[in-house]
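Annotated features, as they stand in Swiss-Prot:
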DOMAIN    102-342  domain 'Radical SAM core'
DISULFID  Cys109-Cys345  disulfide bond
BINDING   Cys116, Cys120, Cys123  [4Fe-4S] cluster binding site
BINDING   Gly170, Glu171, Ser202, Ser224, Leu225, His226, Asn302  S-adenosyl-L-methionine binding site
Amino acid sequence: MIASTGKTNLLGLTQQEMEKFFDSIGEKRFRAGQVMKWIHHFGVDDFDAMTNVSKALREKLKACAEVRGPEVVSEDISSDGTRKWVVRVESGSCVETVYIPQGKRGTLCVSSQAGCALDCSFCSTGKQGFNSNLTAAEVIGQVWIANKSFGSVPATVDRAITNVVMMGMGEPLLNFDNVIAAMHLMMDDLGYGISKRRVTLSTSGVVPMIDELSKHIDVSLALSLHAPNDALRNQLVPINKKYPLKMLLESCRRYMSSLGEKRVLTIEYTMLKDINDKVEHAVEMIELLKDTPCKINLIPFNPFPHSGYERPSNNAIRRFQDLLHQAGYNVTVRTTRGEDIDAACGQLVGQVMDRTRRSERYIAVRELSAEADAAPVAVTRT
């Protein structure tokens, strides 16, 4: 466990919170903007490096405040350029952050919790259970660490990180306040200045918090659907028993409508061999989503040992995609990235594994995938 210093961690404070902090120590509010730029634009965690701040104020800040991100345990780089950081948070748990480069775009996949309580049956993160919510500093700290790793300072110039998705470990809407604060920092010009269209929150379907979301922020929304009917989704995504599909999709439509723009819901659908990849599932999905403006992202399952699931054949994936296309949907198939460093979708487990264990796991993944049809899939990259 990382020992607490008792000082105020400025890393996770929004502009409004930072201004209140400077009020509380008897300083002018404009200091908030100065300090935020040093922290987020330049990656500075040493008050003495803040050269446009008076020495007296720097000494005052050192006495009562700090800039402290999660502890970097390891950084791995995949053969395809994907990067994964394992970071330790104050609770002592480890979480993972993944960067996916693609042309001029670089997407950072950020975790919101250590572990996850939702226990989706095909997700390795859920297998470890729930450990703790991350603080706002620990959520935005993942962006801060990645940005510094790329040397992208100031953060708004020639940025490596163009998009952020809250699709890492955990259910973001079950850590609502801290995730909202972190997303505001992602979009704030004093933070990382990322467009609201390029910040996406992914949820498994916590309906009351989807309804609450529009009161606080207007980021893009992705729904982890994974099944076209309640009976199957109850098995794959147990929270569906509490918030079934009709209720869930209604809440998503309300949120998208509240944005007042031509923005659509992203549907995420992990494809599992002989479970949810059949023609009848595609037909059900077409009917289910007919009143929901959306784009669909098909995610071939990334196997992990003892999951009990397999990746569908390429023919099955292509057939499913074609049926949805023919019905008029915009459909993409997600390219698996970072599989050799356990950074692929559904593989994030927050464990610090030695090289031997990682190699064994990678071999197991390849063996589980061996039966998949070798025919190429026509992939539209997102």
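Using N, Cα and C of the backbone, Cβ positions are placed for all residues, glycine too.
Here the features listed in Swiss-Prot are painted onto the structure.
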residue	record	Cβ contacts under 8 Å, 6 or more apart
Cys116	[4Fe-4S] cluster binding site	Cys123, Thr125, Gly126, Gln128, Gly129, Phe130, Met169, Gly170, Glu171
Cys120	[4Fe-4S] cluster binding site	Gly126, Ser204, Ser224, His226, Leu236, Val237, Pro238
Ser202	S-adenosyl-L-methionine binding site	Val165, Met166, Met167, Pro172, Leu221, Ala222, Leu223, Ser224, Thr266, Glu268
Leu225	S-adenosyl-L-methionine binding site	Arg233, Ile267, Glu268, Tyr269
Give me the count of other Cβ atoms within 10 A of the Cβ belonging to Ser224 (S-adenosyl-L-methionine binding site). 22
Which number gives the other C-beta atoms within 10 angstroms of the C-beta of Cys109 (disulfide bond), all protein chains shown included? 26
Among all protein chains shown, how many Cβ atoms are found within 10 Å of the Cβ of Gly170 (S-adenosyl-L-methionine binding site), not counting that one? 30
Whole-number answer please: how many Å between the C-alpha atoms of Cys109 (disulfide bond) and Asn302 (S-adenosyl-L-methionine binding site)? 16
Express in Å, rounded to the nearest integer, the largest CA to CA distance found among the S-adenosyl-L-methionine-binding residues Gly170, Glu171, Ser202, Ser224, Leu225, His226, Asn302 named in the record. 19
Would you count the other C-beta atoms found within 10 angstroms of the C-beta of Glu171 (S-adenosyl-L-methionine binding site) for me? 26
